[in-house]
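Asks: As annotated in TrEMBL:
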DOMAIN    23-465  domain 'THIF-type NAD/FAD binding fold'
BINDING   31-36, Asp55, 63-66, Lys79, 125-130  ATP binding site
BINDING   Cys166, Cys169, Cys465, Cys468  Zn(2+) binding site
ACT_SITE  Cys182  active site, glycyl thioester intermediate
REGION    211-239  region 'Disordered'
COMPBIAS  211-225  compositional bias 'Acidic residues'
DOMAIN    477-552  domain 'Ubiquitin/SUMO-activating enzyme ubiquitin-like'
REGION    628-652  region 'Disordered'
COMPBIAS  632-644  compositional bias 'Low complexity'
Amino acid sequence: MFASSSTSENSNLSINSIGKLPEESSVLVVGAGGIGCELLKSLALCRFGSIGVIDLDTIEVSNLNRQFLFRREHVGQPKASVACDSIRRICPSIHIEPFHGDVLTDPRFDMSFYKQYDLVINALDNVQARQHVNRMCLLCSKPLIDSGSTGYNGQATLIFKGRTQCYDCIEKPKQQRTYAVCTIRNTPSQPIHCIVWAKFLYNQLFGDNEDPNNEDVTPDSDDPENANNELENKTNGHHRVSTRDWIHKEMEEFDPKRIFNKLFFDDIIYLTSMKNLWEKRRQPIPIEYGKACLVKEKNQNGQGDHDESTMPKITDQRIQSISDYVQMFIDSVNDLKQRSDKQREIALTTKEPTFLVWDKNDDADLRFVTASANLRAHIFGINLTSKFDVKSMAGNIIPAVATTNAIVAGITVLQARKILATLPRLSHDHTLTSINHLTNVFISTDRKTGGIIQSIPLEEPNQSCIQCSDLEQPVRVRINMSLFTVSALYERVIRNHLKMNKPDVIIADGSGRILISADDDEDEQMMLKTLDQFKLMNGTILLCEEDYADDTNAALTQNMKIKLMLEHTDTIKDIDDYIIVDGHVIGEIKQSLKRKLPDVDNDDDDDDDNIQHLDDYQNEINIVKKTKRLSTTPNEHNTNTNNNSGAIHMLR
């Protein structure tokens with residue numbers, strides 16, 4: 001009887017203590033765009049009890065085709081607010097709260113904010129924000145699902161501190177956003193080079209032509225490869241006519257055919273006279289308007305000669321013939337000239353600009369860049385690009401497919417329910433009981449890799465990852481970024497408080513930037529700059545590394561790595577104030593130093609007499625006020641040092 005009762009109690013304990021129901025759970029969704037809208041709908045219909053939504057953006061017309069929580073009347077309003085209103089209409093009883101702000105810099109989104117939630121879901125479209133949320137979840141030991149899509153591919157990957165790879169465990173490929181001017185103007189070799197040139201051309205014809213930052217599209221006679229050849233060009237009668245200067249007169253007389261011949265015949269003739277450029281390259285072939293209208297082929301290499309079974313069914317995804325692009329160029333130039341004239345008239349009586357601004361979502365703008373880029377590509381023997389692909393490349397965007405977003409969102413919600421099933425019911429405990437049954441899920445249209453939806457086993461953390469490895473001590477310092485200087489950070493926090501001698505201080509954002517180098521002399525002007533001048537923000541991680549050996553005393557050898565997390569707060573008003581959070585970490589560092597320096601006199605180990613341990617740190621303003629009295633009551637800290645769990649050290 002006793003055994004049966006015991007078994008029953010253990011069974012009830014197991015049922016009641018493990019596994020949270022959606023109704024009992026709180027989820028933070030970061031991003032209310034394409035995937036975010038689908039996520040919020042699915043979470044609400046699955047009866048998740050509490051949802052927080054962060055998004056910085058406002059609604060644009062281009063969002064309406066796939067972000068179904070928004071309507072035309074919502075254009076210009078915050079995405080987070082409108083999304084939450086729409087969800088409340090679907091599920092009136094749900095608790096959903098919007099947060100319109102930048103997840104990177106808004107001081108509201110600190111560690112205490114993340115700790116309110118059982119689970120965090122990323123629905124972001126940029127690397128920097130995803131890295132930041134990844135860091136915050138690691139610091140809070142919160143489960144994170146990182147969702148994303150690229151065209152017809154997508155993923156919902158799981159991140160658990162110390163148990164799986166984090167977002168930064170795998171180095172992200174760096175996409176080139178800038179290109180050498182001489183490559184764009186003289187020697188393009190890729191479709192993107194022609195697209196960038198076409199956008200430059202748009203600004204020359206219809207944009208702010210007086211802006212010196214707008215690049216000229218005329219052949220660059222200063223190309224280093226063309227050294228000693230300019231004199232020969234002049235003697236051969238080839239003259240370079242600047243498009244920037246030529247266009248002022250031409251737009252008054254306006255003839256699209258003359259513009260065509262200037263760009264694709266005259267300028268190309270001049271380029272071919274720069275003999276040095278073509279010694280090891282294919283020489284471009286100039287083409288006049290009349291002959292271009294007769295070219296029906298799609299590329300010199302036969303590109304685009306598809307049979308009917310492989311021909312894209314959507315017109316924008318098809319490669320057109322050269323004659324089609326000629327007509328597209330003429331039509332778009334005429335359309336944009338009319339709009340440009342109208343814009344100038346409007347500017348006479350309003351504060352509107354006198355010029356046009358290129359917009360990837362405007363059909364005439366996109367047709368102009370597509371036609372110009374492909375005509376130039378044809379001249380240089382480069383593969384042509386569809387209008388669909390030009391939009392994604394010219395706008396620096398990843399094509400979004402609504403169906404993919406819906407699939408990713410559905411899988412993400414299933415992942416969330418699996419995670420909740422392993423969470424203890426106690427709200428303060430977010431340690432997963434088991435992750436053996438969990439997997440990462442990828443959506444891929446590449447049939448070589450298997451099915452469209454694939455489950456991939458979770459991978460162990462990368463031990464060399466700066467963000468999630470346990471090789472460095474995590475220390476949180478709360479400061480006012482607009483007041484605290486690099487010098488104060490280095491001298492007061494790193495050297496005086498953390499007891500490091502002269503470390504390298506590296507910004508751990510994937511860029512590899514060194515804030516302070518141990519090998520270089522300190523630049524006084526640089527050291528006096530505030531941290532926000534270096535674009536350091538709330539949640540930035542600094543890696544402090546020191547490998548210092550004293551030849552005269554082996555006991556002074558130090559090998560330390562400490563991760564320092566910067567947390568911004570506006571409540572600190574003094575330039576010398578800062579807060580060290582989690583005092584037990586400092587204790588561990590000091591103990592480590594004592595072990596490293598056994599023979600060193602530690603009489604000054606208590607040199608930070610202006611530290612006070614505080615159990616309650618909810619009101620930072622009160623903490624700051626108390627701190628300002630510490631300089632006159634240096635021994636006050638002795639009255640409250642028995643319990644330093646979760647304490648804050650307030651320094652000035």
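Note: Cβ is positioned from N, Cα and C throughout, glycine not excepted.
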Asks: From the binding-site residues Gly31, Gly34, Asp55, pick the residue whose C-alpha lies nearest to the C-alpha of Cys465 (Zn(2+) binding site).
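Replies: For Cys465 (Zn(2+) binding site), the spatially nearest of the binding-site residues is Gly31.
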Asks: Would you mind reading off the Cα separation of Gln128 (ATP binding site) from Cys166 (Zn(2+) binding site), to the nearest angstrom?
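Replies: Just about 14 Å between their Cα atoms.
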Asks: Reported as an integer number of Å, what is the Cα distance between Cys166 (Zn(2+) binding site) and Asp125 (ATP binding site)?
Replies: 17
Asks: Starting from the Cβ of Gly34 (ATP binding site), draw a 10 Å sphere and report how many other Cβ atoms land inside it.
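Replies: Total other Cβ atoms inside 10 Å, all chains included: 24.
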Asks: Work out how many Å separate Asp125 (ATP binding site) and Cys468 (Zn(2+) binding site) at their Cα atoms, rounded off.
Replies: 22
Asks: Long-range same-chain neighbours of Asp55 (ATP binding site), Cβ under 8 Å, sequence gap at least 6?
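Replies: Result: Val30, Gly31, Ala32, Gly33, Gly36, Pro78, Lys79, Ala80, Ala83, Pro98, Phe99, His100.
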Asks: If one looks at the chain holding Cys169 (Zn(2+) binding site), which residues at least 6 apart in sequence have a CB under 8 angstroms from its CB?
Replies: Glu459, Pro461, Asn462, Cys465, Gln467, Cys468
Asks: Taking Asn65, Gln128 as the binding-site residues to compare, which has the smallest set of other Cβ atoms within 10 Å?
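Replies: Sparsest of the binding-site residues Asn65, Gln128 by Cβ contacts within 10 Å: Asn65.
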Asks: As a test of reading the model: what is the averaged pLDDT for the domain 'Ubiquitin/SUMO-activating enzyme ubiquitin-like' (477-552)?
Replies: 79
Asks: Roughly how many Å separate the Cα of Cys182 (active site, glycyl thioester intermediate) from that of Gly34 (ATP binding site), to the nearest whole number?
Replies: 38
